[in-house]
Amino acid sequence: MSRQILVTSALPYANGSIHLGHLVEYIQTDIWVRFQKMRGTNCRYMCADDTHGTAIMLRAEKEAITPEALIQRVWAEHTRDFAGFHIGFDHYYSTHSDENREHASKIYLALKDAGLIEVKTIAQLYDPVKNLFLPDRFIKGECPKCGAADQYGDNCEVCGATYSPTELKNPVSAVSGATPVHKDSEHYFFKLGDCEAFLREWTTSGTLQAEAANKMQEWFAAGLNNWDISRDAPYFGFEIPDAPGKYFYVWLDAPVGYMASFARYAKDHGLDFDAWWGKDSKTELVHFIGKDILYFHALFWPAMLKFSGHRLPTAVYAHGFLTVNGQKMSKSRGTFITASSYLDQGLNPEWLRYYYAAKLNGTMEDIDLNLDDFVARVNSDLVGKFINIASRTAGFIHKKFDGKLADGVGNIELIGEFQAAADTIAAHYEARDYAKALREIMALADRANQYVADEKPWELAKDDAAVYRLHEVCTVALNLFRLLTLYLKPVLPKLAGEVERFLDIPALTWKDARSLFIRQAINAYSHLMTRIDPKSIEAMVDANKQNLEPTPAPAPARHAEAQAHAAQAVEAPKTETISIDDFAKVDLRIARIANAEHVEGADKLLRLTLDVGELGPRQVFAGIKSAYAPEALVGRLTVMVANLAPRKMKFGMSEGMVLAASNPDGHKDDVPGLFILSPDSGAEPGMKVK
């Protein structure tokens with residue numbers, strides 16, 4: 001029986017445009033789905049817009065339109081952008097649908113019947129001007145732990161502390177600017193902690209990548225809190241069935257959108273919903289997500305499914321973040337690039353599909369879009385290697401042989417090598433290691449180009465006695481080109497379609513790797529792909545800079561990046577003097593940054609693994625994400641405070657503090673206002689700084 005797979009990508013929020021960072025996931029998923037379909041798998045790709053929440057409601061109010069009108073407009077924009085990058089959803093829906101309401105309500109009622117829903121009265125902050133309870137992210141104030149200003153209502157991006165919004169000092173509503181008041185409200189909680197035994201087993205069953213499974217152990221060690229799944233009116237979403245005036249929190253009904261999208265698709269195509277989503281379904285369910293939403297997909301979602309009587313995910317594949325030129329995407333640098341602005345500049349979407357594929361390796365590592373490398377790699381690989389094979393040989397078929405390939409091939413061994421690579425390349429695609437797949441394919445392209453260079457068809461064409469040889473050489477070259485096209489088709493579907501029309505062949509499937517391409521009339525060759533002009537990339541960056549609207553300068557107290565380290569241990573004003581004995585208490589050590597990575601759910605922090613010599617490895621959270629890409633830090637030496645008391649943070653234990661210099665005005669002229677300290681050459685990990 002052939003495989004049956006239901007594949008999803010995370011649902012983009014209907015409150016903004018698709019940008020190049022989003023596209024990493026959708027391109028990654030689309031390549032995998034296209035590969036599966038080429039292999040003959042019954043594979044369906046579902047997605048939808050995530051449409052509920054306070055942010056949607058407030059934006060619609062600001063634009064003086066209904067939330068429904070807003071999400072319909074954004075849905076049209078998203079579907080247009082996805083189509084522009086050849087993302088081949090089988091169905092793209094909306095979480096604001098009858099199907100989603102039905103399935104979210106059924107899941108909730110099943111969890112309630114299972115004793116996993118409890119009701120508690122909690123104190124919340126309430127905006128007396130807008131008459132609404134404020135979500136955590138719509139409250140700003142001073143961190144109750146370190147005193148940093150302008151922090152969100154749930155966690156501090158300076159010291160990493162987590163807290164209740166009611167603990168925030170001097171809170172202000174981000175909606176109206178009013179001072180919130182305390183107000184009690186009944187809320188509904190999913191008892192996630194009661195599901196821990198199941199989740200511990202499920203997360204170590206091979207469903208997650210190894211690095212994701214390891215992350216789960218950290219969260220288990222910290223303890224699983226019950227999950228608030230309700231919000232008070234006014235709220236744009238679905239009302240809880242037995243709780244008037246209470247609405248499902250957006251993160252409850254968002255993943256249910258996967259089910260709802262398929263439910264509508266199944267209805268339209270006569271499919272059995274339970275055969276795909278039922279408890280005993282044999283269908284593979286595969287979720288592609290960003291690593292920032294791993295908590296929801298590896299804990300909340302499987303627990304919801306398990307205890308509501310549904311099947312569980314077969315696999316949850318998380319990918320890393322995108323940086324551009326080694327740094328976080330930036331509007332001021334013109335590297336916060338939307339999908340539409342890329343397309344509006346006339347850039348080929350398959351250039352980006354290829355480049356992302358060349359970087360994606362199936363892990364949670366971040367990938368970098370280096371714009372200079374982007375130009376060089378696409379021009380070299382796709383035009384200089386792949387397209388070059390056809391452009392140097394196809395013309396002779398029409399000029400000399402009436403557009404028909406030879407009856408046989410003279411180098412069956414070389415073609416056999418290309419055919420034999422099909423299984424290896426397929427294994428790389430299956431494992432989502434597209435980088436390895438493309439390296440294999442480009443190595444074959446090099447072999448094909450060497451064959452053409454050795455045979456010199458342009459020289460053979462001058463010799464009437466070599467006409468038979470010319471025919472065979474060009475036929476062999478086009479056989480190799482056809483096989484390369486087949487292998488690249490999941491990544492370059494539009495280009496593959498153009499090649500299929502040029503070669504006058506049916507749509508390529510994976511089994512076609514076994515066949516020869518002879519005695520076939522082909523169409524006249526026309527140019528298949530142009531090189532990237534570096535000026536077009538510069539124009540895109542400039543266009544994204546020019547599209548910026550002026551924004552107010554941030555409050556001077558904000559500068560979380562510059563305060564990130566000092567705020568962890570501030571005990572006295574900076575003007576106070578200390579004795580040499582006080583200073584001697586601080587154990588400063590040289591440390592080598594062995595690893596650096598983004599922290600899920602934190603906008604400013606990086607997780608650093610430090611080698612401190614005889615003191616061993618240390619984990620430190622540093623608020624330097626705005627200034628450094630993780631990969632730029634690995635291997636560097638820096639200075640750390642080694643005897644700072646360990647601090648339990650939301651994301652794990654921080655075992656010290658690295659030192660950094662800061663610009664008192666934050667960023668100036670787009671130069672990061674934060675600089676980690678590095679010792680002179682000769683310093684080694686563990687050495688004391690005196």
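Heads up, residue numbers simply count up from 1 along the chain you see.
Backbone N, Cα and C atoms are what each Cβ position is placed from, and that goes for glycine too.
What Swiss-Prot says about this one:
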- C143, C146, C156, C159: Zn(2+) binding site (BINDING)
- K331: ATP binding site (BINDING)
- 582-690: domain 'tRNA-binding' (DOMAIN)
- 12-22: motif ''HIGH' region' (MOTIF)
- 328-332: motif ''KMSKS' region' (MOTIF)
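Averaged over the motif ''KMSKS' region' (328-332), the predicted model has a pLDDT of 81. The distance from the Cα of C156 (Zn(2+) binding site) to the Cα of K331 (ATP binding site) comes to 24 Å.
Considering other CB atoms within 10 Å as the measure, the emptiest surroundings among the binding-site residues C156, K331 are those of K331.
Taking every protein chain shown into account, C143, C146, C159 are the binding-site residues, and of these the Cβ with the most other Cβ atoms within 10 Å belongs to C159.
Using a 10 Å Cα-Cα cut-off from K331 (ATP binding site), none of the binding-site residues among C143, C146, C159 qualify. Annotation note: C143 (Zn(2+) binding site) sits in a coil segment as assigned by DSSP.
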